[in-house]
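Take a look at the structure below.
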């Protein structure tokens, strides 16, 4: 790496000092279980939006997808638009307010408890808590491995030590400080990420001669696309691939699958809707969330594509030819190391570390509360144990330990698929029943249970026995049936999301229609407006009355 | 436009920026609206009788 170790260590010390100070501010405000689990339900909209964004955007979203943009081109910018529209606007304006209100009406303090209480089912709470507690450590292990490798390459420290140090640092403020500490630190990290990406944006465009000039230079490079990619439909980095070509399909499926519809059902993100005091706070948070995502993914994809211009001017090669074996994951780090001044490489390294830390902290808190609170305290102990925060802390410590052990024992091929596996599982298991819980009063307890069970089992079945990307490295199908996948041909390419989510929706609708509805009194209680929102409506009315009266 | 010939690409580029700006405007509207409502609320509190009835506008 081009950056000197002493500069980076100095930056790292300042950064960690700031992290612990901010975490301490959050810790001081926490006292009750609601404070530990839901940050006291009074978080500032800006903190909520930054925390949501920082937990949403991991290092791979910047490095991995930036590299994909360097290979496929700027068509990936449509994913930025979809991320902002679904991941922020629809999430905050459509899903957020109902989640917050209903969570408060039902007294829920975790995501599994929210859906459990909404359908008056302890089974739903325990099952979803178990699902999160068992599978999220796998997802978390992929994030901590990434961070360990990152520290190994940047600081030159031993990988095993790097992994342990990274985990202990995050675990300390997650366990001690609870969600408020996590969200405060997330917000600080998000600001660091904005500064890092903002600098790269301005620096790259000015280095390449300005916005239009940089794009024009990239447009003029269309004839440099390797023949193998041209044969697959690549028409240049500022053109969409040929309609219906393999690259067109890759880009469209990446955009569609990466849209973040699944993000709406991610427990570690949905729980953040319940941390603000009113609906207006969620609407205000949109002002921060949208631009934040643009600064993260928008900048990463644009700069990823423009790295081709930089490498061509300095080395006479396109980005794919600069990195070994055309590995797209290495394009962004290589570009940053070559193009940026040393001091800013160090800042950007911290920006990437912040992205990994904020995602890991959100995972640690969610999987720990799922095991400690939803599974142990509420389901096994039937809510008898009073030491909620204490039990949850043990749950967090336990699940972090599991994630670390998984990081050491599982083969890299499985870890590499862990994020996709968890996202797919969450979408199939939670999205249909979450939509039913918020928007369809006819959804019954049995319908929600069927959707949860069928969604998760079908997703697990498909990825274990059919989808080649997971089934092959897992080797379970091979051990039982003597072949890598049960089906062959195109089926092995179909993502579990596309099979399990429709099945889960179908189960929700069909079973709900043939089973008795929840009582009208309960539904009235779950869906009622809160005092603060009624006040908001009254304020609107009084302000319009005042306007008309000329006050 | 912007050095990009393919409309599907520059539209995507603009859509990303405009959606973020749209979010900014939407959120800012609720920020402003909330503050205005609070001001109206606090000023209207001063114009009530001892019984809590609002004073008619023509007597203020």
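Just so it is clear, glycine is given a Cβ too, placed from its N, Cα and C backbone atoms.
Per TrEMBL, the stretch carrying the note transmembrane segment among A:478-496, A:497-515 is A:497-515. For the ranges A:312-342, A:343-373, the feature annotated in TrEMBL as transmembrane segment maps to A:343-373. Counted over residue pairs separated by six or more positions, the transmembrane segment (A:447-465) shares at least 3 Cβ pairs under 8 angstroms with the transmembrane segment (A:497-515), which defines the two as touching.
With pairs at least 6 apart in sequence, the transmembrane segment (A:6-27) and the transmembrane segment (A:127-151) have fewer than 3 Cβ pairs within the 8 Å limit; the two do not touch.
The highest tally of CB pairs under 8 A with the transmembrane segment (A:76-95), across A:6-27, A:47-70, A:157-175, A:286-311, A:497-515, is held by A:286-311.
Looking at A:6-27, A:157-175, A:286-311, A:497-515, the range that has the most CB pairs within less than 8 A of the transmembrane segment (A:187-205) turns out to be A:286-311. Of the two recorded stretches, the transmembrane segment (A:47-70) lies close to the transmembrane segment (A:286-311), with three or more CB pairs under 8 Å once pairs fewer than 6 apart in sequence are set aside. Within its own chain, the transmembrane segment (A:157-175) has Cβ neighbours under 8 Å at 16, 19-20, 23, 26-27, 144-145, 147-149, 151, 181-182, 185, 356-357, 360-361, 364-365, 368, 393, 396-397, 400, 403-404, 407, counting only residues six or more beyond its boundaries.
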